[in-house]
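Copied from Swiss-Prot, the annotated features are:
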- 170: N-linked glycosylation site (CARBOHYD)
- 275: N6-(retinylidene)lysine (MOD_RES)
- 1-17: topological domain 'Extracellular' (TOPO_DOM)
- 44-54: topological domain 'Cytoplasmic' (TOPO_DOM)
- 77-94: topological domain 'Extracellular' (TOPO_DOM)
- 121-132: topological domain 'Cytoplasmic' (TOPO_DOM)
- 154-180: topological domain 'Extracellular' (TOPO_DOM)
- 209-230: topological domain 'Cytoplasmic' (TOPO_DOM)
- 256-264: topological domain 'Extracellular' (TOPO_DOM)
- 290-301: topological domain 'Cytoplasmic' (TOPO_DOM)
- 18-43: transmembrane segment (TRANSMEM)
- 55-76: transmembrane segment (TRANSMEM)
- 95-120: transmembrane segment (TRANSMEM)
- 133-153: transmembrane segment (TRANSMEM)
- 181-208: transmembrane segment (TRANSMEM)
- 231-255: transmembrane segment (TRANSMEM)
- 265-289: transmembrane segment (TRANSMEM)
């Protein structure tokens, strides 16, 4: 058997199961980086009004790539069946995973709030200085950095996951430090941004009906206000589902002290869910933009 010898999971993966999960991480990483990269280039080449209309959406895609940034280390370690990059590498992967994940969730919150401003406070949004976007984006990354740094400073800690092929918050040590970290993070960096973001989107969606058709036509771009608002809502719903696996493992471990007894399968499902959710974002954008692109004339002479 392979995995973390310090863990006593109910089921430990065989060599072939590690090969299979390593291949999944490798494919997911390639798919997310390829699709998000193409989507970022596509959006960056547009000339919308206001000019920074797609700025936060682009950073949503950048943070989706960051969530998958550890896939090469995760995939190679899974294929071998053990962590390959030592204790320093473990701390770096834990930090990067939390930085990417928390920044991604907060960037979704910023995208939802931008949709609310774009629909419900149109005049201010149209004249909003570019520096506001820089401040908002920087603040979202600051929140991600804060939560990723705390385990390095002693509020909880990073360690090997139950399958022993990647590192994240050490849920096998459910002490008071871990419990307080998990509960504060769940409330202030998951429940709050997701619920607040959904409320903002619901207000924006209601406000769309008040925009005159002439204004909608004038503001029409590769992605309309309706499409962007629908994207923001879909992104939050996808994230609520795709990050629920990590939420379950973290809360379960905090309440039951059973993190060390998780099976290898239950240890792999949360990261696969979150990474798969990130792959859906650029697909939805391409689907909507494909419907907005002008159709070529295919009539025969």
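Here the Cβ of each residue, glycine as well, is placed from N, Cα and C on the backbone.
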Expressed to the nearest Å, what is the distance separating the residue listed as 'N6-(retinylidene)lysine' and residue 170 (N-linked glycosylation site) at their Cα atoms? 20
Rank 55-76, 181-208, 265-289 by Cβ pairs under 8 Å to the transmembrane segment (133-153) and hand me the top one. 55-76
Residues outside the transmembrane segment (18-43) whose C-beta sits under 8 Å from one of its C-beta atoms, at least 6 past its ends, are 2, 54, 57-58, 61-62, 64-65, 67-68, 71-72, 74-81, 163, 165, 268, 271-272, 275-276, 278-279, 281-283, 285-286, 289
Mind giving me a neighbour count for the residue listed as 'N6-(retinylidene)lysine'? Other Cβ atoms within 10 Å of its Cβ, every protein chain shown. 23
Using DSSP and collapsing to three states, where does residue 275 (N6-(retinylidene)lysine) fall: helix, strand or coil? helix
Spell out yes or no: are there three or more C-beta pairs under 8 angstroms between the transmembrane segment (55-76) and the transmembrane segment (181-208), with each pair 6 or more apart in sequence? no
On the DSSP side of things, how many residues of the topological domain 'Cytoplasmic' (121-132) fall into helix, strand and coil, could you say? 9 helix, 0 strand, 3 coil
According to DSSP, does the residue listed as 'N-linked glycosylation site' sit in a helix, a strand, or coil? coil
In the same chain, which residue numbers or ranges, 6 or more beyond the ends of the topological domain 'Extracellular' (77-94), come under 8 angstroms Cβ to Cβ? 2-4, 13, 15, 18-19, 21-23, 25, 70, 151-152, 158-160, 163-169
For residue 170 (N-linked glycosylation site), just count the other CB atoms lying within 10 A of its CB, please. 22
Go ahead and report the DSSP secondary structure tallies for the topological domain 'Cytoplasmic' (44-54): helix first, then strand, then coil. 1 helix, 0 strand, 10 coil
Kindly state the mean pLDDT of the topological domain 'Extracellular' (1-17) in the predicted structure. 57
